[in-house]
Amino acid sequence: MTVPVRDKGPAVLGVAGLFLTLSTIAIILRAYCRIVVVRNFGYDDYFAVIAWIFFVFFCTFAITGVHHGTGQHASDLPPAEIPVGLKWWWACEPVYVLANMSLKLSIGIFLLRIAVARTHRIIIWTVIVVSEVYGAAYFLLFCMQCLPSKYFWTQYTGGTGSCMNTKIIIDATYVYSAISCWSDWTLGIIPVFLVWNLQMNSRTKLSVGCILAVGAVASTATIIRIPYVKNLGDVSDFLYATTGVAIWSTSETGIGITASCVATLRPLFRTFFMRTAAGSSSQGPSNVWPKNAGTSGYIRSKSNNANSLFNDEIALRTDVGKVGGVTTVVGCDRDVELGEKNRSGGQRWNHSNGSSEGSHWEEGIMKTVESTQRTH
């Protein structure tokens, strides 16, 4: 026979600590990738950071609540600890809702950046509007379930006030969970259609689609949490009965933030692997910085690595196509084999995107400019 666990607080601590760590690492990598590598920190990144900040508060409140009774039976707690634990439990819920509202906005805006088809954009906007509107309503409902709000925890110590029927909160939470699952799966499946016509090979499409869709994993935690929602009505042993809700709510938000950040890290991974490959090759980085550059210097406005990152950004839009580029070499110190010689004024020629820069330009200042064209 299985002996019931008398204290589930350590489980809450472990889950909160795990996902706080994972989400923090993920958000740092995302910020580095978007600011340093891609140099394009967008609205989706801002909302991801906001979601993470709310999640930090959520985990902090949850961990503090464990030290005041969360996860323990009321009969095992000193009477004075129960209202303190309930106060921290109450504080978790508003920031949980705000974290998920910010997260949905972040994911939605991220997908809108690469969505071109009108149908796809309508679907994404529908998910955003429904999630945000109901999230705001659920936030207000929870905050006003007891009047005054502090009666949520002072009712056990003789406080005065009133609370609405717990069945209303339970039903509203079921609806919130259903909308959350629907939005997660919709935002997780739609990337498959978004990458279908992208300017990528099949292998890249598959990898990008899987990365973008990994956010749907967060809905697994939401589904697992649903059977525990009914325990929100157990007012006699609330801190113990609602432990399952606390654990899976933490998992849901933590997985969502981490997965949404991973979806933006492809340029960072590509940079890392390219540098690793360059470091292990016999030529090393000499293809970018020639050894015989001399005192005249060798400046490239876009290296091979940067070109790859640029192509990654462009390839995520089906309405943008690369046209070509212009390379200008100024102040050559030796004769060159291509183009018309002009040592004083430089040389200029057009080249296609598929061509590579030859070894002829070992000295001088080189500037490469790539242009794009939006198709309608």
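Just so you know, glycine gets a Cβ as well, placed from its N, Cα and C.
For reference, TrEMBL has these:
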| type | residues | note |
| --- | --- | --- |
| TRANSMEM | 12-33 | transmembrane segment |
| DOMAIN | 29-270 | domain 'Rhodopsin' |
| TRANSMEM | 45-68 | transmembrane segment |
| TRANSMEM | 88-110 | transmembrane segment |
| TRANSMEM | 122-141 | transmembrane segment |
| TRANSMEM | 174-196 | transmembrane segment |
| TRANSMEM | 208-226 | transmembrane segment |
| TRANSMEM | 238-265 | transmembrane segment |
| REGION | 338-376 | region 'Disordered' |
| COMPBIAS | 344-358 | compositional bias 'Polar residues' |
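When Cβ-Cβ distances below 8 Å are used as the criterion, the transmembrane segment (238-265) is approached by residues 8, 11-12, 15-16, 18-20, 22-23, 26-27, 29-30, 33-34, 44-45, 48, 51-52, 55, 58-59, 62, 65, 69-74, 77, 82, 85-86, 89, 92, 96, 99-100, 103, 106-107, 110, 180, 184, 211-212, 214-215, 217-222, 224-225, 227-229, 231-232 of the same chain, each at least six residues removed from its ends.
Residues 94, 97-98, 100-101, 104-105, 108, 111-112, 115, 168-169, 172-173, 175-176, 179-180, 182-183, 186-187, 190 of the same chain, all 6+ positions outside the transmembrane segment (122-141), place their C-beta atoms under 8 angstroms from a C-beta of that stretch. Restricting the average to the domain 'Rhodopsin' (29-270) gives a pLDDT of 89.
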